[in-house]
Amino acid sequence: MSGDGDAGVGVAEDLLGMKRVEIRIAGPRLLAAAHRLAPAAIAAGLAAGLGGCAGPLSTLDPAGPAARSISVLMLVLLVLAALSFVVIFGLFLLALRRRRSRAVSQRLFLVGGGLVFPLVLLSVATIYGVVLGERIIGARERPALSIEARAERWHWQFTREGQGGSVTRRDILDVPAGRTVEIVVTSADVIHSFWVPRLAGKIDAIPGMRNRILIRADVPGRYGGVCAEFCGTGHAEMGFTLVAHDPEAWADLERGAAR
Amino acid sequence: MTALKLHNALETIWGRPRGWRGVLTNVNHSDLGLRFMIAASVYFAIGGVLAMLIRAQLSTPRAAFVGPEIYNQLFTMHGSLMMFMFAIPFFEGLAMYMLPKLLGSRDLAFPRLSAFGWWCYLFGGFILLGAMALGLAPDGGWFMYTPLASKTYTPGINADVWLLGITFVEISAVCAAIELTVSVLKLRAPGMSLMRMPIFAWYILVTAGMMVVGFPPLILASTLLEIERAFGWPFFDPERGGHPLLWQHLFWLFGHPEVYIIFLPAAGIVSTVLPVMVRHSLIGYGWIVGSILVLGFFSFGLWVHHMFATGIPHLALAFFSAASALVAVPTVVQIFGWLATMWAGRPMLWLPMLYIGGFFFIFLLGGLTGVMLAMVPLNWQVHDTAFVTAHLHYVLIGGFMFPMMAGIYYWLPRLTGRRSHPLLGRLGFWLVFAGFNVTFLVMHLTGLLGMPRRVYTYQPGLGWDWPNLVSSMGSFVMAIGFAVVVIDLGLAVLFGRRSSRNPWRAATLEWALPMPVPSYNLASLPHVETREPLDRGHALARSLAAGEGYLGRDREGLRETTGVEMVSGRLTEVVVLPGNSWLPIATAAATGCFFLALLVGLYWLAPVALVVVAALAWRWAAALGSDTDRGPLDAGRGAVAPPHHEAEEAPGWWGSVFTLTADATFLMSLLFGYAFLATVAPGWPPPEMARPSFAAAGIVLLAVLAAFLAEREGLAASRAAATARARAGYGLAATALGAAVLALLAFGWLGLPAPSGHAYGAVVWVLLGYGVVHGSIAMLMLAFVRHRLAAGYVSPARMLEPRVVRLWLRYTLAAMLLVLAAIGLPGAASWRW
Ligand SMILES: [Cu+2]
């Protein structure tokens with residue numbers, strides 16, 4: 001227990017150190033990426049505008065395509081939600097000012113407000129969500145690199161098949177930057193959940209199942225990961241670090257594994 | 001008879017004995033409803049204190065206030081208490097208290113069942129609180145995911161406390177659900193057709209109906225997990241053919257409707273209170289009825305949206321995502337119905353309206369984040385983070401607490417005869433409202449910054465420090481606000497200004513009752529011709545008190561109320577209700593012994609407790625009925641109607657229909673689990689299949705057929721007043737059913753694999769057990785009718801008991817055949833003699 005706890009603190013402090021490095025390295029590149037993709041610019045604008053939203057585990061400071069497209073979805077939904085809130089709560093507040101009874105159009109309220117208004121907005125949101133989900137899940141994509149993430153109370157084992165046999169690391173997940181990697185997630189005991197907030201959504205690690213998630217870090221760096229599904233007394237300390245290597249470093253790593 | 005004499009006569013019939021005897025035997029719905037509400041409020045306070053401890057721990061990073069062992073118990077108990085011990089029981093209490101008054105009835109359909117539910121709730125709560133005091137509280141999260149909650153990873157008694165304690169309390173919830181459903185459908189004032197019911201009754205009807213089918217999946221899941229923990233039958237163990245996700249499916253099959261079960265009664269209060277506050281009758285009554293029916297139905301098709309990250313194929317996720325988004329539509333219809341009513345009226349910002357405003361603000365935000373969460377990709381990011389914690393508190397506090405507070409302040413003059421202090425109440429509202437939003441608005445951001453749920457601490461430097469501190473400070477403001485509300489209510493009860501009988505000038509019947517509320521509610525029952533029967537001032541109340549309505553008389557000291565045809569509200573029968581009784585508390589105590597025996601592992605004691613429960617159930621049923629034909633009775637206002645034992649569709653018959661609906665949902669969930677494991681779990685097909693015996697199955701079939709025919713003969717003979725032949729028929733049916741049960745056991749013994757080796761064996765044995773238990777119950781019922789025939793309680797006019805038993809028997813026979821097929825068909829090749 002105490003050993004696990006110490007490991008957790010270590011990881012978190014890694015994250016703390018990493019944060020400063022991260023901002024220096026990733027800032028300009030993120031900006032460049034934002035110029036390429038208009039929606040991404042919005043997300044970056046959001047991140048910059050909110051300032052405090054950058055954080056080592058912040059979904060609002062995306063560093064990979066999945067997390068970035070989700071942050072755009074999130075922004076769009078937020079705008080739609082804010083508009084709906086203003087309309088409905090505005091109608092509520094305006095109604096409070098009425099001082100005498102008068103007839104209202106039942107059709108306008110119930111058909112227009114009750115049916116048409118939500119159906120239009122919900123259809124837009126749902127179609128957007130489903131199409132985006134289909135893209136993120138990448139059912140037909142078969143990345144060249146597949147890594148097994150095995151959760152066990154309360155740490156992670158990441159196993160990669162290299163040229164010279166398999167390499168397993170505890171709580172450190174090495175990936176090449178700029179490439180899509182498949183993570184096959186499983187568990188040795190209870191249900192955990194694999195989550196690197198800045199790169200992608202989460203996927204549960206369930207004993208007896210092999211779930212898969214595609215993940216990509218655009219730029220080299222260290223990205224914090226956590227266990228998101230409650231798994232017992234060590235749940236809070238079940239963090240890990242994803243290290244995205246630049247091509248040379250990755251090649252070195254592969255060679256090292258071969259040797 | 002003068003109004004006073006009538007009052008005294010009815011008070012003698014409906015009142016309760018003085019002292020402890022009165023407390024323990026009381027079945028009055030007003031008293032029980034109040035007890036439920038008060039006890040639930042106590043649990044709310046306890047759950048609130050736990051929440052404060054959680055916020056204290058999370059206010060700063062690396063806080064050393066509590067460790068993970070205690071913290072896990074804190075949040076598990078906070079969630080479990082708020083869901084199972086506060087929200088559901090509070091609404092049950094309010095519905096129990098209000099419904100008969102709104103419907104113009106004297107009590108609920110099954111008063112002893114209300115009392116039984118109350119005692120189960122109280123005793124079940126003792127189990128949970130006792131465990132908490134001993135430091136053995138559940139610690140696996142309020143949704144108890146397997147395998148974390150399995151024996152391997154939670155070896156202690158903590159998980160058993162949850163499974164058994166909560167199941168015990170759920171019995172109370174299912175009882176209340178059946179009670180409320182039948183009461184709304186059958187026990188109304190004559191003339192009150194479905195479309196003339198107060199809108200609140202519609203909400204309760206839909207909610208109760210949802211509970212009838214919503215709770216069985218959870219009861220099944222708890223049963224299976226407890227069996228796995230106690231005896232090692234591997235339903236959820238992937239090593240032995242089980243699957244951890246089976247728990248999640250069953251849990252959320254209950255858990256999602258549960259959210260609407262909590263929201264709908266609260267929305268019902270909004271639909272009731274808002275029109276009074278804005279001085280205009282509800283616009284879009286029919287639309288709202290339609291939308292809550294749609295909501296109730298569709299809420300059962302969304303449960304997977306709690307499982308978007310479990311690796312289910314994306315096509316299925318897309319379906320559940322669309323369904324989850326669409327379910328917002330009926331809620332928006334209600335919202336616009338309320339807005340239209342406001343726009344048509346003249347809103348008054350009285351305190352209940354202020355709470356409705358708080359509801360609009362908070363619930364709207366919660367609903368909007370709910371739609372966001374229904375979008376699969378966003379869900380992948382924010383699932384299991386503080387964002388979800390924030391969302392669910394917006395939905396539950398906004399969608400339940402605020403309307404309930406509106407309801408409490410609205411009905412305070414009805415409950416206590418007094419009014420609250422105008423300023424203190426408002427201060428309480430604003431503190432709660434502000435504290436709530438400070439706590440939970442920023443929590444959305446905490447989640448987006450990556451903070452997972454259920455972590456007992458966090459490291460500094462992740463950007464989570466200040467939002468957590470803000471949340472903690474807000475939560476203390478909210479707690480102070482609730483304290484102000486409690487003080488305000490306490491002062492109102494003790495020293496409040498006396499209220500007039502109908503202070504809000506509302507139009508529903510509960511305001512026609514005298515103050516304080518008499519045990520019999522109304523001295524005579526009204527004839528209802530509009531949705532707003534009280535429009536004509538105090539005249540109605542006066543004429544009812546004078547006995548000018550239905551049943552304004554003392555007939556041999558019987559507790560009488562009117563039973564109506566469900567749809568039209570036409571008077572069909574005079575329902576004779578049972579009086580105060582020791583049976584509810586005794587039966588609840590015996591049921592409690594059963595659960596306690598399982599909890600502490602005294603497995604020999606559990607069947608003994610069940611035998612006691614069965615004996616008490618026999619007495620319970622034997623205390624009803626009549627041994628003479630009475631024919632149509634004078635019901636007052638020139639109307640006549642038979643007593644309910646002589647009517648076609650008595651409440652008891654409908655009670656059985658809904659009980660069997662719950663029972664069938666349990667069986668269907670079990671078959672769903674079977675199919676789920678067979679298709680999804682690793683390790684299937686099982687290494688050892690059943691080798692069913694033709695001989696045993698043949699005997700089951702023959703015995704089932706014999707029981708069916710013998711009961712048919714028995715009921716026909718009862719109808720023809722041929723008592724001896726009828727008794728012989730029922731005797732034969734009971735014997736045949738006994739043979740069927742034995743043959744079913746033999747079928748299992750001869751051909752089924754051991755239950756502990758593989759989930760397949762475990763499931764088929766549970767299926768078999770279902771058949772055996774139901775066969776035994778139906779056998780007891782057949783014996784009961786045979787006994788009642790001899791005692792003269794059945795006649796061609798009084799066929800209620802044989803008809804109820806037919807319902808149970810036929811269900812049982814069908815279930816036995818279904819069980820046989822479910823076990824025998826998949827292994828069709830391996831049958832043998
Ligand atoms: Cu974990």
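First residue shown is number 1, and so on along the chain.
Glycine residues also receive a Cβ, built from the backbone N, Cα and C atoms like all the rest.
TrEMBL entries are annotated by machine, without manual review.
Pulled from TrEMBL:
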- B:8-529: domain 'Cytochrome oxidase subunit I profile' (DOMAIN)
- B:36-54: transmembrane segment (TRANSMEM)
- B:74-97: transmembrane segment (TRANSMEM)
- B:199-225: transmembrane segment (TRANSMEM)
- B:316-341: transmembrane segment (TRANSMEM)
- B:353-380: transmembrane segment (TRANSMEM)
- B:392-412: transmembrane segment (TRANSMEM)
- B:469-495: transmembrane segment (TRANSMEM)
- B:603-621: transmembrane segment (TRANSMEM)
- B:690-710: transmembrane segment (TRANSMEM)
- B:730-750: transmembrane segment (TRANSMEM)
- B:762-786: transmembrane segment (TRANSMEM)
- B:807-829: transmembrane segment (TRANSMEM)
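Averaged over the domain 'Cytochrome oxidase subunit I profile' (B:8-529), the predicted model has a pLDDT of 93.
Residues 82, 87, 90-91, 94, 98, 259, 262-263, 266-267, 269-270, 272-273, 276, 351-353, 355-356, 358-359, 361-367, 369-370, 418-420, 425, 429, 432, 436, 439-440, 443, 485, 489, 492, 499, 504, 510 of the same chain lie 6+ residues outside the transmembrane segment (B:392-412) yet bring a C-beta within less than 8 angstroms of a C-beta in it. Counting only same-chain residues 6+ beyond the ends of the transmembrane segment (B:762-786), those with a CB under 8 A from a CB of the stretch are 224, 227-228, 233-235, 242, 614, 618, 621-622, 663, 666-667, 670-671, 673-674, 677, 690, 707, 711, 714, 718, 727, 730-731, 733-734, 737-738, 740-741, 744-745, 747-748, 752-753, 755-756, 794, 801-802, 805, 808-809, 811-813, 815-816, 819-820, 822-823. Same-chain neighbours of the transmembrane segment (B:316-341): 267, 270-271, 274-275, 278, 280-284, 287-288, 290-292, 294-295, 298-299, 301-305, 308, 360, 364, 367, 370-371, 374-376, counting only residues six or more beyond its ends whose CB sits under 8 Å from a CB of the stretch. The stretch in B:36-54, B:199-225, B:353-380, B:690-710 that contributes the largest number of Cβ pairs under 8 Å to the transmembrane segment (B:807-829) is B:690-710. Taking Cβ pairs closer than 8 Å, the transmembrane segment (B:199-225) reaches residues 91, 95, 98-99, 102-103, 144, 146, 149-150, 159, 163-164, 166-167, 170, 173-174, 176-181, 184-185, 233, 235-236, 246-247, 250-251, 253-255, 257-258, 260-261, 264-265, 267-269, 271-272, 282, 285, 288-289, 292-293, 295-296, 299-300, 508, 658, 661-663, 665-666, 669-670, 673, 766 in its own chain, all 6 or more past its ends.
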